[in-house]
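Below is one structure; the comments refer to it alone.
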Ligand code: ATP
Ligand code: MG
């Protein structure tokens, strides 16, 4: 059986990267997999969150899932802290993963910054909680953006080590699903940084709830270079974009990638369309497309957020269904480890 698990942190400012790299794929995968989509509030508090904002942002992510088209009758949508198996399994995994593995995680290095000793211990063990999220459901596939690839590797290593240490075949070796033309959407201000909720500059990202004029302004002011847009000759024989080519003009390729993803066109179609164009003309077309695709989702998110009882009801129902899957798996793991049954 193929089972999907994935999550988004309720840390505010949901953006185009979250949509193209994650949420849009969550919607598409519903037809072929059993899907479990989580609002990962335990992950969010690894960096400080105001309690009232955390509550609002938890409902915001839920609203984004629903507005983008995840069907709560078909897929499970729930909140991580409502199912205690996540935290319980994470503790067991904290005793399986090695300090050395965690020390190599680039997300920790980036988020902890220069003063690592001031980072929360939770931020350091974030990847073992993520392994627990996935393996509490024995999920076989995890759709994520490219930035989470390294954490997924750690999940696979954790499953393997647990299976080896205890001589069991308990956990699957989960496959990442990194899908679409925009698996790593970059900041609009700096083509070397990924678009992030936690970037202090709102101009660096297009939020899923931005109005048309904000989207237009952000795209107009997005960093570009002085050259005209490239044509299909920039691609390799297989129609892929060589990494060196991307690196030479990161901002231009980022905007072109967003266009390709939002329009569901291939690189070569997009490059044919805009070969030799000025950025001003391309940015106009990109704005129209982004407003067209995000506008209805943003409006529906706002409508849903105005009805917190409805949203909370969906999370309650989802938590029950998620717990029904996770609890027997946790019990199996506890037996393997040698915990007495209560
Ligand atoms: P934060 O800055 O709080 O970590 P974030 O923007 O990285 O926020 P997450 O909640 O950590 O968002 O990630 C949710 C999902 O969105 C993950 O699957 C992640 O890989 C994906 N994602 C995040 N940023 C991008 C991006 N710039 N491009 C593509 N996918 C992204
Ligand atoms: Mg992140």
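Just so it is clear, glycine is given a Cβ too, placed from its N, Cα and C backbone atoms.
Unlike curated entries, TrEMBL annotations are predicted automatically.
These figures come from a predicted structure and were not determined experimentally.
Summarising the annotation, TrEMBL assigns ATP binding site to 9, 10, 11, 17, 18, 145, 146, 147, 185, 194, 195, 196, 197, 198. If you look up TrEMBL, you'll see 133 marked as L-tryptophan binding site. Under the heading motif ''HIGH' region', TrEMBL lists 10-18. Residues or ranges marked as motif ''KMSKS' region' in TrEMBL: 194-198.
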So how far apart do the ATP binders 9, 10, 11, 17, 18, 145, 146, 147, 185, 194, 195, 196, 197, 198 get, largest Cα to Cα in Å?
19
Rounded Cα separation (Å) that holds between residue 18 (ATP binding site) and the residue listed as 'L-tryptophan binding site':
19
Do any of the binding-site residues 11, 133, 195 touch ligand 1, in the sense that the CB is under 6 Å from one of its atoms?
11, 195
C-alpha of residue 195 (ATP binding site) to C-alpha of the residue listed as 'L-tryptophan binding site': distance in Å?
24
Hey, does DSSP put residue 11 (ATP binding site) in a helix, a strand, or just coil?
coil
Which of 133, 146 (the binding-site residues) has the most other Cβ atoms within 10 Å?
133
Neighbour count, 10 Å Cβ-Cβ cut-off, for residue 197 (ATP binding site): what number do you get?
18
Tell me, by DSSP, whether residue 18 (ATP binding site) is helix, strand or coil?
helix
What's the number of neighbouring CB atoms sitting within 10 A of the CB on residue 9 (ATP binding site)?
25
Hey, how far is residue 11 (ATP binding site) from the residue listed as 'L-tryptophan binding site', Cα to Cα, in Å?
18
What average pLDDT is reported by the model for the motif ''KMSKS' region' (194-198)?
94
